[in-house]
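Taken verbatim from TrEMBL:
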COMPBIAS  232-248  compositional bias 'Polar residues'
DOMAIN    32-196  domain 'HPP transmembrane region'
REGION    210-248  region 'Disordered'
TRANSMEM  34-54  transmembrane segment
TRANSMEM  66-84  transmembrane segment
TRANSMEM  90-112  transmembrane segment
TRANSMEM  124-147  transmembrane segment
TRANSMEM  167-187  transmembrane segment
Amino acid sequence: MSTHPPPHRLSKFPPWFSRWFGFRHSTPPKFPDYIVWLWSFIGAFCGISVIQAVFEQASYFVNREVPPIVASYGASAVLIYGAIDAPLAQPRALIGGHFLGALIGVIITKLFHLLHSEKRFEELVWLAGSLSCATSVVVMQMTATTHPPAGATALLAAVNPEIRKLGWYYLPVILLSSALALGVALITNNIQRRYPVYWHKPAVSIAVAPPVEEQEQEQDRKEEPDAIATPSRANGLNKSETTIANRV
C-alpha cells in the first residue's frame, strides 16, 4: 500500500509559473535574517502603497468616498510579508478572515441602526463594536480563517464613521484590498522566499509532546510484561537446576 501523498495540483505546471503560487519541488533553504528583513520591508511598502494608490487615484472609489485604506491592513502586512510561514498569514486566513470580519461588522451595525434614534445608536456604538469583534473571532475559529487583523476589520465597521457610511459597499472594498495585498505578496515573497505554504488547507494546531512524567509512565507500562515474565523464567530455571542437582 503506497503512503506517498498525491501530487500537488501545481506540480503539473512549469516551475517558472508554479513558483509564483508557492509551489516548490523541494524545501527552500533557510535565508539569513537580513534577506528576510529586506523582503519584508519591500513587501510591506509595496503592498500598502498599491492599496492606497488604487483607492486614492481611481475616481470610482473617490466619488464613493472610500477611505484610502482600511487600517487593519497595516497589521495584515506584518503577517503576509513578515511572518509568511505562519498559518495566520496564509491566503485562506487573509481573504476569509477579513471578509467574514467585514460581513459580521456590517450586519451587527445595521441591526443597531434599527434603534429609534441616531443619538441612541451613538450611545451604544461601543456595544456594536465589541459584539462585532467578539463574534468575528468565534466565526473565524469555526471556519479556520483566523486572521488577527480581521478583528479590527469587524470593529471598524461599527466604530469608524467613514467606514460605517459605506454600508454593504464595505464588503467589496475589503475583498479588493485583500486581493491587492495577496497579489503583492505572491510577487515579492516568491522572488527568493516561498509563499504561501498552503492555499485551502485549514490551519492545524501543532501537536504538543506529553510531559516527561507521562512519557516515563508510558515507558513503564510497556516494560511491565517483561518485568512480570522475568521472575517466571527465573523460577523455571531454578526448578530445572534443582531437578538436575537431585538427579546428580
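Every residue gets a Cβ built from N, Cα and C, even glycine.
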Revision key, fill the gap. Lying 6 or more residues past either end of the transmembrane segment (34-54) yet within Cβ distance under 8 Å of it, the residues of that chain are 61, 68-69, 73-74, 77-78, 80-82, 176-177, 180-181, 183-185, 188-189, 191-193
Exercise for review: Report the listed stretch (90-112, 124-147, 167-187) having the maximum count of Cβ pairs within less than 8 Å of the transmembrane segment (66-84).
Suggested key: 167-187
Point to revise | Contact call for the transmembrane segment (124-147) and the transmembrane segment (90-112): at least 3 Cβ pairs under 8 Å, seq gap 6+ | key: yes
